[in-house]
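Annotated features in TrEMBL:
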TRANSMEM  25-47  transmembrane segment
DOMAIN    41-287  domain 'G-protein coupled receptors family 1 profile'
TRANSMEM  59-78  transmembrane segment
TRANSMEM  98-120  transmembrane segment
TRANSMEM  140-158  transmembrane segment
TRANSMEM  204-225  transmembrane segment
TRANSMEM  237-258  transmembrane segment
TRANSMEM  270-289  transmembrane segment
Amino acid sequence: MAPGNFSRVTEFILLGLSDTRELQLLFFTLFLLAYAMVLLGNLLIIVTVRTDPKLSSPMYFLLCHLSFIDICYTSVTAPKVLVALLSGHKAIAFEGCMAQLFFLHFVGSSEMFLLTVMAFDRYMAICRPLRYTAIMARRACWALVAACWVGGFIHSIVQTLLTLQLPFCGPNAIHSYFCDVLPVVQLACTNTALTEWLMASNSGLISLGCFLVLVASYALILAKVQAHLSQGHWKALSTCASHVMVVTLLFVPCIFTYLRPAGTLPSNKYVCVIFTTFSPMMNPLIYTLRSNEVKESMWRLWKR
């Protein structure tokens, strides 16, 4: 492909979820409510954890960072979606599309790694309680969080570079409401079979690998709880139940979306709504409703 064909496309058209105006207004209302819940709910968790000394354990330290990631993750796509649904302006510049693709995978993969770290934290708290304080010290927690961000950056920069090296010189209509690797790669003016397999190996295997590690850790926790039926273990298991709900909402749609080349199955943009909007919206509800300590801290914060 000639070098001049590389940047012929200067913008993409995001076709969105529907062409019907009535449905667009309905989707706008739903996305606006969901985005508001993501912002308010996760900000409330961050403020509660940071202001209450009783919530200083590693679990709540990691929860605070998860809430921050959820805010960033939803903010990558939601504002552009809301503007497009309200104004009907669906164009996005090539540079903006690449930036959205980069930050979506940067923050999204960092969240997957962080959820894996949170599962490791629960495993250590339940299965290795005598070593828990030493292993999950604050410095170690910071190191684990930093490793999540670094891992997310490496994953995302690989995805972005694989996309940027493709020539885009023809169609520019993306069958989705945001820029993602699979719908964008399908628009390239070249054979993308190898690139699609590399991307599926990258995103898909990361999703599947983290998911399997999480399932294994929860299986070990369940075996430990069954062997030692104490009140403390059941309380910890109750906390793990909320983690399982978050994992299901995030990982299963991601595995379905990314663990395959683009042409093997038709892309389902409605599945993407689950892990880009619905999962971050449910996280604050799941964690606050499952944790009496967080609810009590929020009540104390409200009274103050």
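Using N, Cα and C of the backbone, Cβ positions are placed for all residues, glycine too.
Just so you know, TrEMBL annotations are computer predictions that nobody has curated.
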Residues outside the transmembrane segment (270-289) whose C-beta sits under 8 Å from one of its C-beta atoms, at least 6 past its ends, are 17, 31, 34-35, 37-38, 41-42, 44-45, 63, 66-67, 70-71, 73-74, 77-78, 104, 108, 176-178, 180, 242, 245-246, 249-250, 253-254, 256-257, 295, 298
Tertiary contacts of the transmembrane segment (140-158), as residues 6+ beyond its ends and Cβ separation under 8 Å | 58, 61-62, 65, 102-111, 113-114, 117, 202-203, 206
Where else in the chain does the transmembrane segment (98-120) make close Cβ contacts, counting only residues six or more beyond its ends and a cut-off under 8 Å?
-> 59, 62-63, 65-66, 69-70, 72-73, 76-77, 80, 92, 144-145, 147-149, 151-153, 155-157, 159-160, 163-164, 178-181, 184, 203, 206-207, 210, 213-214, 217-218, 240, 243, 246-247, 250-251, 254, 275-276
Could you please provide the mean pLDDT value for the domain 'G-protein coupled receptors family 1 profile' (41-287)?
-> 84
